[in-house]
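The annotation domain 'G-protein coupled receptors family 1 profile' is assigned in TrEMBL to 39-285. The transmembrane segment annotation in TrEMBL covers 26-45, 57-76, 96-118, 138-156, 191-223, 235-257, 269-287.
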Amino acid sequence: MENVSCVKEFILLGLAKNKGEEKICFVVFFFFYMIIVAGNVLIIITVNSSHHLNSPMYFFLCYLSFVDIFYSSFTVPKMIADFLVEKKTISFVGCIAQLFGVHFFGCTEIFILTVMAYDRYVAICRPLHYTTLMTRRACGWMVFGSWVGGFVHSMVQTLLTTRLPFCGPNKIDHYFCDVHPLLQLACTDTYFVGVIVVANSGMITLISFFILVLSYMVILFSLRRRTAEGRQKALSTCGSHITVVVLFFGPCTFTYIRPSSSLSEDKRVAVFYTVITPMLNPLIYTLRNEEVKSAMRKLWNRKVRSERGGV
């Protein structure tokens with residue numbers, strides 16, 4: 001299909017309906033974005049500066065935080081800026097770049113969360129083989145595979161969308177450029193493309209979710225043979241990950257595993273996986289993890305001592 005688009009820019013309708021709501025949303029989401037960046041940067045610094053956080057679990061957590069920063073940065077700053085302007089426009093090229101970034105980092109996060117579940121499975125169900133299975137090299141390949149998988153998925157979504165003709169209207173009922181809103185604006189029959197888009201996103205989401213559920217079912221089954229103390233210790237390392245998986249996969253499944261019927265509903269759900277989950281990830285992994293909290297305290301004490309020594 002040849003692209004004969006005459007649309008050079010799109011108008012984002014955003015989240016708020018009036019000036020009063022926009023002012024409130026600006027303050028709230030600006031605060032949220034500061035937490036996202038500060039919290040995830042803090043986890044990256046803590047993991048890389050602590051000799052005790054050198055296990056595969058923290059290696060993956062570091063990359064998860066890195067992905068979260070970029071994932072939210074493709075949507076939230078633009079949304080925040082749009083709360084301050086009357087006409088919320090985005091160029092065609094900027095729209096496609098945003099679409100690519102959201103799907104690239106979003107899909108990469110899905111794969112990293114899946115790899116983290118596999119790591120917990122090996123650690124709890126096959127502890128004697130953990131060091132041989134989860135080597136630094138193996139973990140590096142898993143992360144690399146997550147990036148490649150995210151790139152391939154994003155390229156499929158982006159190429160399918162850019163080949164569609166857009167002749168107008170150009171108003172997107174969303175706060176960022178996504179596949180479903182753009183499909184509704186294309187001036188051609190998008191049924192076939194829509195099926196491919198849903199199948200692509202749905203297959204990745206379902207397979208990853210199936211692996212996650214299967215991993216934790218096996219983990220829970222194997223924990224029955226352990227002592228109460230052993231179960232509690234094992235579950236404490238899994239609890240944070242399960243919470244993040246539910247917060248991320250729930251809204252993503254709702255949005256991408258079915259044909260879109262209500263864009264206004266979709267954009268509210270999208271807030272959860274583009275803003276709320278990246279913001280809560282650092283809090284969940286620190287508040288429920290004594291090792292991370294201890295490493296952060298040591299890092300803070302080291303900083304205070306260095307500042308006092310420099311005075």
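Backbone N, Cα and C atoms are what each Cβ position is placed from, and that goes for glycine too.
These figures come from a predicted structure and were not determined experimentally.
Counting same-chain residues at least six beyond the ends of the transmembrane segment (269-287), those with a Cβ under 8 angstroms from any Cβ of the stretch are 15, 29, 32-33, 35-36, 39-40, 42-43, 61, 64-65, 68-69, 71-72, 75-76, 102, 106, 174-176, 178, 240, 243-244, 247-248, 250-252, 254-255, 293, 296. Note on the domain 'G-protein coupled receptors family 1 profile' (39-285): its mean pLDDT in the predicted model is 86. Sequence-remote contacts of a segment are chain residues at least 6 beyond its ends whose Cβ falls under 8 Å from one of its Cβ atoms, and for the transmembrane segment (57-76) they are 29, 32-33, 36-37, 39-41, 43-44, 47-48, 98, 101-102, 105-106, 108-109, 112-113, 115-116, 119-120, 123, 136, 139, 142-143, 146, 175-176, 237, 274-275, 277-279, 281-282, 285, 292.
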